């Protein structure tokens with residue numbers, strides 16, 4: 001029977017069929033430009049679907065930002081859960097997991113343990129200071145924070161032991177690959193999100209500005225590429241064009257510098273938000289120009305958002321091609337999955353926080369900064385002890401001078 005199969009049909013077509021990707025990868029015989037949006041016959045239909053989804057996403061984003069810090073943090077958590085679900089499913093094999101009941105729960109165990117560790121460190125003292133009115137709740141939360149690292153460690157160790165106990169013969173390779181993939185997801189998802197949440201509590205402005213610049217860049221790149229894109233930019237993303245990249249860069253940088261002057265982004269009137277006047281040459285019709293110091297910082301963020309951050313999208317495109325998929329998911333019509341929309345945001349979030357800490361946060365200590373650190377980093381009891389100790393020190397100095 002085996003010899004009949006070998007003589008009746010050649011093996012070469014079968015090998016080619018196995019290696020064929022289910023992704024719409026450009027054919028080697030076609031030019032890269034044939035996949036541009038300007039040549040897409042259904043581009044207006046996809047444009048309307050994408051525009052409809054974009055309007056709803058922006059409206060929801062604005063509403064959540066208006067509601068405040070905790071709601072923005074909750075939005076970040078929800079985004080993380082959707083990203084983790086999409087990435088967990090990327091290497092999931094249904095046949096293997098039928099023989100491993102409960103194995104998928106182990107991935108989520110590690111995920112929520114990492115979430116507790118990251119957010120517990122960021123929000124610990126802020127959470128304590130919000131429950132000072134209730135003595136029992138205050139003591140309960142204080143105890144959780146005191147033993148936070150121990151709790152997270154034992155949760156992780158329990159997952160580690162759980163993984164070892166579920167190892168099954170002939171499934172070792174799949175299980176260990178899933179274990180490594182899970183930790184890779186945790187690094188990718190929580191590395192950027194920890195910076196995002198930290199930026200939120202530095203001031204919503206420092207979260208909103210970088211995030212909005214990425215949104216502007218993404219929309220502008222799509223529009224410029226949709227109407228004018230004819231020169232392919234990179235083989236990893238056949239529909240990306242130089243026209244879209246350059247047009248989006250100009251739009252993002254201009255928006256970063258100009259929009260702040262229109263007053264649509266408000267913040268506390270600190271030194272960065274007090275206008276400064278600069279004289280202009282006499283041959284110009286204007287005598288001087290008024291610029292907010294924060295506009296120069298926004299310009300730097302705009303440059304990064306338009307030139308460097310898109311490489312997060314290119315990386316995601318290469319990643320999807322490696323796994324022969326078109327999108328990470330289908331939760332957003334016209335856009336793909338949540339991960340498809342967050343690729344550039346992840347790169348931008350890390351840079352925005354590092355830039356803020358390096359070039360915007362004052363390096364010298366002020367009374368306001370010290371008081372803010374006391375209120376956010378110390379418990380209510382520790383603040384009272386500090387107050388009493390400062391009183392004793394001041395009294396000793398006062399009587400010592402007299």
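Cβ atoms are placed via backbone N, Cα and C, with glycine included.
Where the annotation comes from TrEMBL, it is an automatic prediction and has not been curated.
Database features (TrEMBL):
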COMPBIAS  1-11  compositional bias 'Polar residues'
REGION    1-24  region 'Disordered'
TRANSMEM  55-84  transmembrane segment
TRANSMEM  105-124  transmembrane segment
TRANSMEM  144-167  transmembrane segment
TRANSMEM  179-201  transmembrane segment
TRANSMEM  207-229  transmembrane segment
TRANSMEM  241-265  transmembrane segment
TRANSMEM  294-316  transmembrane segment
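Looking at 105-124, 179-201, 207-229, 294-316, the range that has the most CB pairs within less than 8 A of the transmembrane segment (55-84) turns out to be 179-201. Counting same-chain residues at least six beyond the ends of the transmembrane segment (105-124), those with a Cβ under 8 angstroms from any Cβ of the stretch are 73, 77, 80-81, 84, 88, 144-145, 148-149, 151-152, 155-156, 158-159, 162-163, 166, 178, 182-183, 185-186, 190, 193-194, 197-198, 201. Sequence-distant contacts of the transmembrane segment (294-316) (same chain, at least 6 residues past either end, Cβ-Cβ under 8 Å): 209-210, 213-214, 216-217, 221, 234, 236-237, 240, 245, 248-250, 252-253, 255-257, 260-261, 267, 272-273, 328, 339-340, 343-348, 351-352, 355, 359-360.
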